[in-house]
Amino acid sequence: MKIDIHTHILPKEWPDLEKRFGYGGWVQLQQQGKGEAKMIKDGKLFRVIQQNCWDPEVRIREMNQKGVTVQALSTVPVMFSYWAKPKDTLELCQFLNNDLAATVARYPRRFVGLGTLPMQAPELAVEEMERCVKALGFPGIQIGSHINTWDLNDPELFPIYAAAERLNCSLFVHPWDMQMDGRMAKYWLPWLVGMPSETTMAICSMIMGGVFEKFPKLKVCFAHGGGAFPFTIGRIAHGFNMRPDLCAQDNPSDPRKYLGSFYTDSLVHDPLSLKLLTDVIGKDKVMLGTDYPFPLGEQEPGKLIESMAEFDEETKDKLTAGNALAFLGLERKLFE
């Protein structure tokens with residue numbers, strides 16, 4: 001069994017949001033025919049996507065070809081829209097979540113849903129989380145690595161974490177809103193370097209901000225193998241112990257205490273990196289994640305995990321399925 005915790009999906013179409021809300025900044029989808037569409041933001045091309053980004057039947061065909069049993073579906077992060085008026089973001093979230101729920105309902109043995117929330121308005125976010133879990137049946141939510149000027153340790157977000165604990169709703173943290181200009185303008189650096197940096201900052205903010213202390217039952221997964229965190233934990237812990245006046249302002253506990261307290265996906269593209277990741281984060285906390293259907297994703301799902309001579313069959317099964325089932329709070333028999 002292979003459960004892919006990190007995949008993205010969009011509706012085939014959605015309303016003209018600029019006309020709907022009266023201001024720009026929104027992403028629109030322009031279908032081009034022949035299984036291709038353009039994501040357009042304020043008249044500029046953001047990304048060209050293929051039919052597998054909106055058509056569940058195409059996805060299932062490709063899943064069957066690659067041996068993937070289940071995909072956890074989440075929106076494309078550019079759709080988060082945390083910058084917008086909260087009620088407008090809520091309306092978009094409801095549209096995206098309803099579309100996602102309809103796809104899961106059609107293929108409940110192949111897909112599970114990770115919803116999206118208006119995180120800039122925590123009260124509305126909690127209400128939509130309740131709906132996602134209780135009405136739509138989602139086991140989790142995808143959130144950004146920061147919410148406008150809030151890092152993930154901001155007390156404004158604590159009601160969301162409290163609700164997630166109460167509802168047993170898992171959180172999948174995805175980097176987004178990287179610097180795109182200046183020194184980052186060339187070489188795809190926002191995706192190659194910016195995303196790992198964003199994820200590392202998100203992990204550090206939750207650790208040093210005491211989030212895992214305040215919400216010990218919170219289940220959190222960080223995308224892209226936790227970014228640079230597994231490689232830099234030595235520097236982070238050393239800095240914490242050398243300069244507690246700077247690093248221990250909100251949490252006196254050594255960052256190493258929290259290794260094993262959160263999950264990451266496996267998307268590191270390198271056997272040495274995957275070995276380090278499982279050594280640092282724990283073999284019980286790393287889950288297969290591919291970033292399907294995008295080019296930076298793992299094109300052969302699970303191939304890297306299966307190639308690891310250091311991993312026994314029990315470990316490989318944990319990484320490809322068992323850990324995801326634990327993270328999502330689901331039983332294997334639902335998908336067998």
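The chain as shown is numbered from 1 upward.
Glycine residues also receive a Cβ, built from the backbone N, Cα and C atoms like all the rest.
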H6, H8, D291 bind Zn(2+) per Swiss-Prot; candidate in H174, H238 listed for that same site: H174
Pairwise Cα distance for R47 (substrate binding site)/H8 (Zn(2+) binding site) [Å, integer]: 14
For H6 (Zn(2+) binding site), nearby residues of its own chain (Cβ under 8 Å, 6 or more apart in sequence): A72, S74, F172, A223, D265, L267, G289, T290, D291, Y292, G297
Collapsed DSSP category at H8 (Zn(2+) binding site): strand
Neighbouring C-beta atoms (10 Å sphere around the C-beta of H8 (Zn(2+) binding site)): 22
Cβ-centroid neighbourhood (8 Å) of the Zn(2+) site, H6, H8, H174, D291 excluded: T7, S74, P77, A223, D265, G289, T290, Y292, F294, G297
